[in-house]
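**Q** Supplied in structure tokens, the structure appears directly below.
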Amino acid sequence: MTDTNRVKLKPGDTIGILGGGQLGRMLAMAAARLGLRCQVFSPDPDSPAFDVVLNATCAEYADVEALELFANDVDVITYEFENVPAAAAMVLDARRPVLPNRKILETTQDRLAEKDFVARLGIGTAVYADVTSVTSLREAIFRIGLPAVLKTRRFGYDGKGQAIIREGDDIAKVWTSLGTKQAILEAFVPFEREISVIAARSAAGQVECFDVTENEHRDHILKLSRAPAPIPDSLADEARSVASRIASALDYVGVLAVEMFVLANGTGPKVLVNEIAPRVHNSGHWTLDGASVSQFEQHIRAIAGWPLGKPVRHGEVVTMTNLIGDEINSYEEWLTVQGATIHIYGKGAPRPGRKMGHVTEVRPPKGK
Ligand code: AMP
């Protein structure tokens, strides 16, 4: 493994980004503002990130030669998605520093490993069980109760690869329709709200968290974020401390997001960790227009070996609204809304559920 603690880029150096979606695109744009170049690696010729970089590699993640050539062209490598194949990460890591380090992928690609890791830190999660067969699913339901959420251990996102099981459901049918033998069952959390913390950590161990964000999902896809989340300061401090502890325990370098559930008043913990995303995150998009330094810039600074910014919010982030599918067609209306900033990702045709852009509305502090 290359020594990741020694990375110190200079303006003009090149960052390699695995993945060519909107996150890669916004990372590359943030890098450009800091005088750093990016080269994007993606198998999809229509990658929106290709539009904003000079050099791109369009190849499969299993193409070892392409990976090696890509690594030779760049000074440090990062990724915009957590499902980077382990073999690809290994090939790259032998040549250039990969940040965040590839061990983190092993934990965050597998919901069971991730939950075990969080639980080992003494941080609350939904009660969960490893499920490998219809028999073990029945046992898990007996122990955890219903309703419960069955999730594939790997490759789940935006609600894909999960099913809510309710009293009276045909358990065998739910199990078969999941289409995998590696799953976890989680107790259904009757959350009051969903929040996330976007944290940046440098190789030197400096951690900077953004204000806690409140998130609303529709059809399992993030629709709206607001910052700061309307929660007591003590709870916000607890949420930020959870994210910091996770980042430090992972020896993380870069930006990560920790999604959490806030529980209504009760006797147990007030926040439960749902998921860790080892990357910049949709719920942090508001930082582009709503803070002195964005999540994308923080990530670039961290992997470049530069000091992190100390983010200051510009005002109340009333909403960050995702433009999903056909909603992008309303871009001209958004262009005329006072105080709104629109981001269009330059993707091809809108498809249902596809994130095409977002709009941020920030209300400046009174008197400004
Ligand atoms: P995930 O893919 O784990 O991030 O889940 C997507 C969304 O499904 C979450 O943001 C929640 O809205 C919902 N969800 C996931 N797990 C649970 C759970 N154990 N209890 C209640 N809702 C859940």
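Think of each number as a place in line: the chain as shown, counted from 1.
For all residues, glycine too, the Cβ spot is worked out from N, Cα and C.
The ATP binding site annotation in TrEMBL covers ARG111, LYS151, 156-162, 186-189, GLU194, HIS217, 274-275. Annotation comment: TrEMBL describes 115-304 as domain 'ATP-grasp'.
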**Q** Out of ARG111, LYS160, GLU186, VAL189, which binding-site residues have CB atoms lying under 6 Å from ligand 1?
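**A** So the answer is GLU186, VAL189.
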**Q** Which residues in the same chain, at least 6 apart in sequence, have a Cβ under 8 Å from the Cβ of ARG111 (ATP binding site)?
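**A** Counting only residues 6 or more apart in sequence, the Cβ neighbours of ARG111 (ATP binding site) under 8 Å are LYS151, THR152, ARG153, ARG154, GLY156, ILE184, GLU275.
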**Q** Would you mind listing, in sequence order, the residues at least six apart from VAL189 (ATP binding site) in the same chain with a Cβ closer than 8 Å to its Cβ?
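**A** Listed in sequence order, they are ALA126, PHE261, LEU263, LEU272, ASN274.
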**Q** Do any residues at least six apart in sequence from GLU186 (ATP binding site), in the same chain, have a Cβ closer than 8 Å to its Cβ, and if so which, in order?
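**A** In sequence order, the residues whose Cβ lies under 8 Å from that of GLU186 (ATP binding site) (at least 6 apart) are THR125, ALA126, VAL127, TYR128, ILE144, ALA148, VAL149, LEU150, LYS151.
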**Q** Can you give me the same-chain residues 6 or more apart in sequence from LYS160 (ATP binding site) with a CB-CB distance under 8 Å?
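**A** When sequence neighbours closer than 6 are ignored, LYS160 (ATP binding site) has HIS220 within Cβ distance under 8 Å.
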**Q** Other than its own, how many Cβ atoms are within 10 Å of the Cβ belonging to ASN274 (ATP binding site)?
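**A** Around ASN274 (ATP binding site), other Cβ atoms within 10 Å: 21.
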**Q** Return the average pLDDT for the domain 'ATP-grasp' (115-304) as a whole number.
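**A** 95, rounded to a whole number.
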